[in-house]
Amino acid sequence: MELLKKRIQEVGVVVSDQVLKLDAILNHQVDPVLVTEMGKEFARLFVETKPDKVMTVESSGIAMAFATAYELGVPMVFARRKKTPMMDQDTYSERVPSFTKGIVTDIVVSTHYLKKGERVLLIDDFIANGDAARGLIRIIEKAEAELVGVGIAVEKAFQIGGSSLRERGIRVESLARISSLANGRIEFV
Ligand code: 5GP
């Protein structure tokens, strides 16, 4: 998506050769015009998979998932991150390492908002090693719902997350694919 790539070049801050900061548009401040366009693009890419629901994990995925769900005319549900490993009987829960924070969190979805047979589109801001996406996918499997695809704003293609999901036969669409963050420069695939 050219608009996203342009904005990434304008405002992206290369923290290291592994991490890109997009606090000006996605991860702290949110650019509503850009995020609305991203939602339209995800909806265009996945509309024929007939999702019943869009799912993400708090907090940075929420704006994009909302925009996508609005375009598709379906609900959006976000997994919550719980610091305490409290198992509620009415939730699906998975333990996921956080790429940026270096800690492990439990991501939790109420059984009320994820039902057997529902067609679920996953949306997230970044994919690095794929742990967040795999955790959400395990929750979808526990609920006996059906994953129709994964939409990612920024895929760091030099890390294994996107390719590891594609190898499992999962459809992954990324709006911007970064090939390198070396030497403080953002290079796209
Ligand atoms: P993964 O679970 O695929 O290793 O990492 C994905 C999650 O970590 C995303 O939900 C995102 O919040 C965070 N993340 C991974 N890489 C980056 C990055 O370069 N920049 C930012 N801002 N977040 C990242």
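Along the chain as shown, the residues are counted starting at 1.
Cβ coordinates come from backbone N, Cα and C, glycine included.
Just so you know, TrEMBL annotations never went through curation; they're auto-generated.
Feature annotations, reproduced from TrEMBL:
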- LEU20, ASN27, LYS156: xanthine binding site (BINDING)
- ALA128, ASN129, GLY130, ASP131, ALA132: 5-phospho-alpha-D-ribose 1-diphosphate binding site (BINDING)
- 47-156: domain 'Phosphoribosyltransferase' (DOMAIN)
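TrEMBL feature annotations superimposed on the structure.
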residue	record	DSSP class
LEU20	xanthine binding site	strand
ASN27	xanthine binding site	helix
ALA128	5-phospho-alpha-D-ribose 1-diphosphate binding site	coil
LYS156	xanthine binding site	strand
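Counting every protein chain shown, 17 other Cβ atoms lie within 10 Å of the Cβ of ASP131 (5-phospho-alpha-D-ribose 1-diphosphate binding site). Over all protein chains present, the Cβ of LEU20 (xanthine binding site) has 19 other Cβ atoms lying within 10 Å. Taking all protein chains in view, 15 other C-beta atoms sit within 10 angstroms of the C-beta of ASN129 (5-phospho-alpha-D-ribose 1-diphosphate binding site). A straight line from the CA of ALA128 (5-phospho-alpha-D-ribose 1-diphosphate binding site) to the CA of LYS156 (xanthine binding site) spans 6 Å.
Summary of the xanthine site environment: with the site residues LEU20, ASN27, LYS156 set aside, the chain residues having Cβ atoms within 8 Å of the Cβ mean position are GLY12, VAL19, LYS21, LEU22, ASP125, PHE126, VAL154, ILE178. Using a 10 Å radius centred on the Cβ of ASN27 (xanthine binding site) and all shown protein chains, the other Cβ atoms total 16.
When the Cα atoms are compared, LYS156 (xanthine binding site) and ASN129 (5-phospho-alpha-D-ribose 1-diphosphate binding site) turn out to be 9 Å apart.
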